[in-house]
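Now, the feature entries from Swiss-Prot:
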- SER65, GLY66, SER67, TYR92, THR143, ASP168, THR243: pyridoxal 5'-phosphate binding site (BINDING)
- LYS194: N6-(pyridoxal phosphate)lysine (MOD_RES)
Amino acid sequence: MTSRNYLLLTPGPLTTSRTVKEAMLFDSCTWDDDYNIGVVEQIRQQLTALATASEGYTSVLLQGSGSYAVEAVLGSALGPQDKVLIVSNGAYGARMVEMAGLMGIAHHAYDCGEVARPDVQAIDAILNADPTISHIAMVHSETTTGMLNPIDEVGALAHRYGKTYIVDAMSSFGGIPMDIAALHIDYLISSANKCIQGVPGFAFVIAREQKLAACKGHSRSLSLDLYAQWRCMEDNHGKWRFTSPTHTVLAFAQALKELAKEGGVAARHQRYQQNQRSLVAGMRALGFNTLLDDELHSPIITAFYSPEDPQYRFSEFYRRLKEQGFVIYPGKVSQSDCFRIGNIGEVYAADITALLTAIRTAMYWTK
């Protein structure tokens, strides 16, 4: 381990500002009103406001990574007679399928392949053929490949068929403008350490209050009972059922202030988009090819094919980049040899320029 700080070019955890880190220097009592009412309740209100201006939505914070919240939603939102259609085109859609299977939740997995955009007509046909489906769940920004999925079109289907709509917006909420009411989303799931630019430690769910209120008694887990967590926060003014990750929460409160200072989600989206476009242009100039076509890319993370040169090893490429202060991500695509570069967090145009220079230096197989 080294004391040197790297620029994390990953989809989260990501590079955070010094002020977000410094917010964690304060110790809070989990029973204190200054913390629960002054911090937690403020966060809940701000998250709901970021998601939509429409009435009837609420938010719940939950200890753990984003996957904990995904499992909490699946395990709480679906009753014993319900069935979920899971749209999957990557590791995180597949993870939802695995969760549903382990919890004994009836589900239909529509897997369209890792590099294919979900076919909305195929989803329509599935819904038309199976009236027992009560819920639809999908990932928005699938970081396996960097693909941005059509949550608007699927949301329109969910609304037309009267289905409850669950969206894993882990790597998009706070970085891509959206109105969850207009998108017909009933449950949106995200995490502290993604586009809001906080640190790991908790996830959150922004939900239609009427839907959440109907979840009582559904949960397959004590600690992942979304309804019970929500009622505790509602009835006790921000109190968590079990130990709150206080330092992470304080960091997140600071991160929300910095999001507002940047100009909100629209301004952050613009920065991320420019980062991603500059990255792709620079990588192509160096001879790298993207896994996806441009129209499929999210502004969050990009997958690049590994060089075909027999000398190339990702581990050596990674080491050489890390020596220069940059950390990238290995590939997660099962059918292609790739690596991934994220461009969210405290990453700006100058950082992308510096990264491209470092990559040129690290391309030992071209020497």
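Don't overthink the numbers, they just go from 1 along the chain as shown.
Glycine is no exception: its Cβ is also placed from the backbone N, Cα and C atoms.
A map of Swiss-Prot features onto the structure.
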{"residue": "SER65", "record": "pyridoxal 5'-phosphate binding site", "Cβ within 10 Å": "19"}
{"residue": "GLY66", "record": "pyridoxal 5'-phosphate binding site", "Cβ within 10 Å": "24"}
{"residue": "SER67", "record": "pyridoxal 5'-phosphate binding site", "Cβ within 10 Å": "17"}
{"residue": "TYR92", "record": "pyridoxal 5'-phosphate binding site", "Cβ within 10 Å": "22"}
{"residue": "THR143", "record": "pyridoxal 5'-phosphate binding site", "Cβ within 10 Å": "25"}
{"residue": "ASP168", "record": "pyridoxal 5'-phosphate binding site", "Cβ within 10 Å": "29"}
{"residue": "LYS194", "record": "N6-(pyridoxal phosphate)lysine", "Cβ within 10 Å": "27"}
{"residue": "THR243", "record": "pyridoxal 5'-phosphate binding site", "Cβ within 10 Å": "8"}
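Distance noted between the C-alpha atoms of ASP168 (pyridoxal 5'-phosphate binding site) and the residue listed as 'N6-(pyridoxal phosphate)lysine' is 12 Å. According to its DSSP assignment, LYS194 (N6-(pyridoxal phosphate)lysine) is coil. Put simply, LYS194 (N6-(pyridoxal phosphate)lysine) is 13 Å from SER67 (pyridoxal 5'-phosphate binding site) when counted between their Cα atoms. For the pyridoxal 5'-phosphate site, whose binding residues are given in the record as SER65, GLY66, SER67, TYR92, THR143, ASP168, THR243, the maximum C-alpha distance rounds to 30 Å.
On the backbone, the CA of THR243 (pyridoxal 5'-phosphate binding site) and the CA of LYS194 (N6-(pyridoxal phosphate)lysine) stand 22 Å apart. Rounded to a whole number, the distance between the Cα atoms of the residue listed as 'N6-(pyridoxal phosphate)lysine' and SER65 (pyridoxal 5'-phosphate binding site) is 11 Å.
Residue pair TYR92 (pyridoxal 5'-phosphate binding site) / LYS194 (N6-(pyridoxal phosphate)lysine) shows a Cα separation of 15 Å.
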